[in-house]
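Undergrad: Summarising the annotation, Swiss-Prot assigns signal peptide to 1-39 and lists sequence analysis as the type of evidence. The domain 'Peptidase S8' annotation in Swiss-Prot covers 83-521. Residues or ranges marked as active site, charge relay system by Swiss-Prot: D109, H141, S466. Feature annotation from Swiss-Prot assigns compositional bias 'Low complexity' to 163-173. Look at Swiss-Prot and you will find 163-269 tagged as region 'Disordered'. As annotated by Swiss-Prot, compositional bias 'Pro residues' applies to 196-224, 252-267. Feature annotation from Swiss-Prot assigns transmembrane segment to 552-572.
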Amino acid sequence: MQRFGTGSSRSWCGRAGTATIAAVLLASGALTGLPPAYAISPPTIDPGALPPDGPPGPLAPMKQNAYCTEVGVLPGTDFQLQPKYMEMLNLNEAWQFGRGDGVKVAVIDTGVTPHPRLPRLIPGGDYVMAGGDGLSDCDAHGTLVASMIAAVPANGAVPLPSVPRRPVTIPTTETPPPPQTVTLSPVPPQTVTVIPAPPPEEGVPPGAPVPGPEPPPAPGPQPPAVDRGGGTVTVPSYSGGRKIAPIDNPRNPHPSAPSPALGPPPDAFSGIAPGVEIISIRQSSQAFGLKDPYTGDEDPQTAQKIDNVETMARAIVHAANMGASVINISDVMCMSARNVIDQRALGAAVHYAAVDKDAVIVAAAGDGSKKDCKQNPIFDPLQPDDPRAWNAVTTVVTPSWFHDYVLTVGAVDANGQPLSKMSIAGPWVSISAPGTDVVGLSPRDDGLINAIDGPDNSLLVPAGTSFSAAIVSGVAALVRAKFPELSAYQIINRLIHTARPPARGVDNQVGYGVVDPVAALTWDVPKGPAEPPKQLSAPLVVPQPPAPRDMVPIWVAAGGLAGALLIGGAVFGTATLMRRSRKQQ
């Protein structure tokens, strides 16, 4: 028995020692090849951090560092064919129930350039350049987003009104060319020398007319010279993985003047909710940066992110105060889960807009082509207690991760398949929408575009969650117009409960499914709670406790009672002793 006990003790000690060594190795990182996991929790809200709503403007002086983005049209494009995403969403049937009339949609993006097919465009302010009104789009992004939400159709019969459009700006780092001085010299006198005509050639009789030059060709239309244009087309998106195809299309260098028409040529493009008003707020631009980026203790990139978070918070508050009932944020920010910057102001802003101002906030899930936007895990079957994989998040997307107050949109193709390499997954993704085959209004003229200029004479095709969010914002506006009695949170509830769900019911790529405008407008869906669950980080303000009760009378009474008991006990004890003493005598 003793030997058996000793062996068992040694075996237990050996197992304990092995476990200890393994724990030390894991803690020290000696076992490599394990993916990093940053356990994060859903963000909380501090309402006291709400930023003020003053006149829009940048936090620090800004300047333009790059040329504005030019736009184009892919070869072989026929705008008379309806974009695939419009056919997928069955918008013609959805429009039987309304077009979003009376709803204000704020577009917090790179600005929106005025266009004849955006007749209800409202300037909302500029957080990029001081004194701006939000109606300049150097990046050719915000105009695309706004047009997918609210562009009116063109039937070719009604002329569209002309709108003023500002000229494209140029980088402020360039110095203007030096003034040129032109000196005119007098023309020297010319000497004319007359040369006698040569004698007639042999064989020509004297007095016969000398043959002149050949007559010019008869007047009339001539076939124009053909210029074969060359270049390349980049297919998937603005940046990231690219598939480049050559362009070889004949161009006429002398096109004939177009015949006058009543209106622009008809096309099949329209915004999701062509009856809404658009509030344009320019909050970001890749062409602009801080005039002096090397001030303060932070590195320039971190400082820019901090400023972007602050201006986004202020833009959300400003949009809500301007009466927007839908707020679209397609230009989101990504950051590592290891280094999440302070977002108390942004959290307070989305809470204020969604709860206090009853606005539906729609945000993009983020695109893998953008800086710091690394893909998150989708699902870990070994963690059944964490079905949305919060503990596996490596990239935080803001303001998208404020999922209780923001409807975050992932991207799918025209067949409903997730764009897994482009759309950033996350536990905050609630719904999805098409993000390909993008068509929109041009920020440079009165036409349509489906591409932007890229490097090396290439065209980049817009795609991604930015445009998926625009589609959902348009559908949210349709639902708000159809059900004005519903709160913002109830509108979100209706959208996600009428979406076309994935196989698991909900996942981190498409959320609860692909948005379905017709179902959202027609299905019988319970309203649900009017407000989202509260996730407050600041302590609640509780009423002051009542004044403490005056205990002096109680203690006096208790002391008197105790004294009486003592006296009574003494008297009783004395009487008992006297009785015993008498008995003994």
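The backbone N, Cα and C atoms fix where each Cβ goes, and this holds for glycine too.
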Undergrad: When a 10 Å sphere is centred on the Cβ of D109 (active site, charge relay system), how many other Cβ atoms does it contain?
TA: 29
Undergrad: For D109 (active site, charge relay system) and H141 (active site, charge relay system), determine the Cα separation and express it in whole Å.
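TA: So the alpha carbons of D109 (active site, charge relay system) and H141 (active site, charge relay system) sit roughly 8 Å from each other.
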Undergrad: Could you tell me which three-state DSSP class H141 (active site, charge relay system) falls into?
TA: coil
Undergrad: Provide the three-state DSSP residue tally for the compositional bias 'Low complexity' (163-173): helix first, then strand, then coil.
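TA: Once the DSSP states are binned, the compositional bias 'Low complexity' (163-173) shows 0 helix, 0 strand, 11 coil.
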Undergrad: For the active-site residues H141, S466, which one has its C-beta crowded by the most other C-beta atoms within 10 angstroms?
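TA: Result of the Cβ crowding comparison: S466.
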Undergrad: Cα of S466 (active site, charge relay system) to Cα of H141 (active site, charge relay system): how many Å, rounded?
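TA: Given the Cα positions, S466 (active site, charge relay system) is 9 Å from H141 (active site, charge relay system).
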Undergrad: What kind of secondary structure is S466 (active site, charge relay system) part of, going by DSSP in three states?
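TA: The three-state answer is helix.
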